[in-house]
Amino acid sequence: LLMAPLGVGLAMIGFGLSKSFWVLLAFRCAQGAFNGNLGVAKTVMNEISDPTNVAEIFSYLQLMWSIGSTASPFMGGFLANAAVKWPDTLGRIKILRLHPYFLPCAVAGGVALAGFGFAVVGLRETLPSLKEHNNEQFESPPTETDPLLPAGSGSVNPTSDNLNSDTINAEVTPSFLELFTPKVRIALLNHACLCFCDMAYHALIPLVYSTPISLGGLGMRPHDIGVIMGSCGIYNAIIQVLFGGRLIRYFGARRIFTSAFVAYFGVFATYPLLSILARRAGHVDPAVIVVLVCQLSSSCMMYFSFAATMLFIVDSAPNRRIVGSVTGLSQMVGTVFRGIAPSVASSLFAVSVKHNIVGGYLVYIILACISYGALRCTLMLPPRLSSDAESQDKN
């Protein structure tokens, strides 16, 4: 977790100073190599939380993601070619004249290095095995008056009272294949469905909104599309932080997760309605705007689902010692389906429009059916998290 922001920060600075393609490619590969810390970060967030606040903690992930994805393009476009934009001030700096993209890369790298500094100062080790090892190192050496057996151990042979099954499971680390328990497989399946539907949804927005009305789109300008997507991302992130944890605790993680696929189904199903209304009016009229607002408003349920899916992934781990392994598996599965979804959605959209299959709406029908299938998969998830059940039993 510490090496990732350090590596990304240095790779970003090197990227901005590159003068040849191969050096540029090498630093870009380094960025990708050091960018795989999200699974580790989620594991640490789980280890520093408890059932009373874990939903709120995971809700902040979407806020950070929205801030980064919204601010980064703006910063990159604003600071690029700084010597040309401000010749009287920044244009006097030689390094900015020689490397027009160094300034935005340096700012982005500085943010990553600042995160590294904060983590070095404020973050402590959370892995249970390393915490126990560190505690043993700081323990005082035994003296002549210390007992040979720990307090409370009445016999040498362990009994069911002082060695339960949970303790045994916590000490055993299963192999890679043994990680795929039925509970883990169900959680990963639902996570894959979520990642696929989410990326298909985000891939279609710029395509549909920018495509001419005669071809089934809305004919919007790129500037308007950027404003809509940025505003929607910030709005949803704020709603997620304010209400995400509360809604998950009140309705339950599975209901929130299931409602996300209801929202995806509704979003894909409203695209044909948008096209019909836009073609009838010849432009984006108030009727189109109303449907557009309803479509984008439902996306808040999609944001809630990302905190819920992390709760199910963490809850599916056989014990806390291998939460990191299960989280890493979820990152791998999510990356694969995030890579597949945009290609599938874009290709289906192009084929549907080019050959006018089902009036050009074939892509929406297929994605709506996939959303419905994912909705059925959510029924395999446990109605309650095991952590919630344990806390209720204690109460």
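Every residue, even glycine, has its Cβ placed from backbone N, Cα and C.
Record features (TrEMBL):
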- 1-386: domain 'Major facilitator superfamily (MFS) profile' (DOMAIN)
- 6-27: transmembrane segment (TRANSMEM)
- 63-81: transmembrane segment (TRANSMEM)
- 101-123: transmembrane segment (TRANSMEM)
- 132-164: region 'Disordered' (REGION)
- 154-164: compositional bias 'Polar residues' (COMPBIAS)
- 186-205: transmembrane segment (TRANSMEM)
- 225-244: transmembrane segment (TRANSMEM)
- 256-277: transmembrane segment (TRANSMEM)
- 289-314: transmembrane segment (TRANSMEM)
- 326-351: transmembrane segment (TRANSMEM)
- 357-375: transmembrane segment (TRANSMEM)
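When each of 6-27, 186-205, 326-351 is checked for Cβ pairs under 8 Å to the transmembrane segment (357-375), 186-205 comes out on top. Counting Cβ pairs closer than 8 Å and at least 6 residues apart in sequence, the transmembrane segment (326-351) and the transmembrane segment (186-205) reach three or more and so form a contact.
The listed stretches are 6-27, 63-81, 101-123, 256-277, 289-314; of these, 289-314 has the most Cβ pairs under 8 Å to the transmembrane segment (225-244). If you look at the transmembrane segment (101-123), the same-chain residues 6 or more away from its ends with a CB under 8 A from one of its CBs are 1-2, 5-6, 8-13, 15-17, 44, 72, 75-76, 78-82, 90, 95.
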